[in-house]
Ligand SMILES: O=C[C@H](O)[C@H](O)[C@H](O)COP(=O)(O)O
């Protein structure tokens with residue numbers, strides 16, 4: 001069974017948590033896209049929800065599929081958010097931001113009563129860090145942040161889009177760092193990174209996830225915290 005099918009299996013299991021009247025956070029990425037597609041179908045069949053998108057790409061896909069997308073300010077609070085991840089460990093800690101959407105994703109997750117992560121089986125890991133951790137930085141500070149992260153031994157690499165700096169939806173930069181060899185506890189690392197002025201957010205999602213749904217073969221396995 002391919003990763004693509006496993007993503008779909010997980011997404012179809014997750015949308016069972018969505019009921020009419022809810023305000024739903026829509027994640028970003030290839031796995032989240034299957035969830036958006038499924039919700040689009042449910043809306044065509046009469047489901048009435050409001051949705052908040054975690055990226056411009058998601059907003060476009062959802063709107064095209066007839067989903068009512070509102071702003072976070074209009075939503076005030078979300079009932080459930082379904083999103084993908086680049087890595088998820090057994091303690092429901094995540095690396096996110098491979099697609100550059102970590103900042104809005106973290107804000108939406110923070111404001112959501114229930115956070116469901118969907119992923120194919122390759123994303124499930126015993127220890128986070130094979131995937132490079134994305135950090136969102138303010139362009140004014142990026143080069144000096146890279147210098148500081150280098151001194152911390154985190155091998156920072158600024159993300160590029162061809163010859164240009166990659167830009168997020170908030171027009172910030174992304175710097176990908178290597179946390180595999182660091183012995184610092186993840187929560188301490190998160191604090192240290194956030195203490196550097198100009199780092200807006202990191203792709204470490206350590207405490208927000210309530211439910212993880214992994215597609216493996218034809219089966220979706222749901223784990224609750
Ligand atoms: O910035 C992107 C998001 O955090 C995605 O949810 C994450 O990168 C996983 O994406 P995909 O489902 O495409 O592997």
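Here the Cβ of each residue, glycine as well, is placed from N, Cα and C on the backbone.
Automated prediction, rather than curation, is the source of TrEMBL annotations.
All protein chains shown were included, and the count of other CB atoms within 10 Å of the CB of residue 123 (substrate binding site) stands at 25. Residues annotated as substrate binding site in TrEMBL: 28, 29, 30, 31, 83, 84, 85, 86, 96, 97, 98, 99, 123.
Under the heading active site, proton acceptor, TrEMBL lists 105. Annotation for residue 105 (active site, proton acceptor): spatial neighbours 27, 28, 54, 55, 83, 96, 97, 205, criterion Cβ-Cβ under 8 Å with sequence separation of six or more.
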Neighbour-count leader, CB within 10 A, binding-site residues: 28, 30: 28
Under 8 Å by Cβ from residue 98 (substrate binding site), counting only residues of that chain that are 6 or more apart: 29, 86, 131, 134, 203
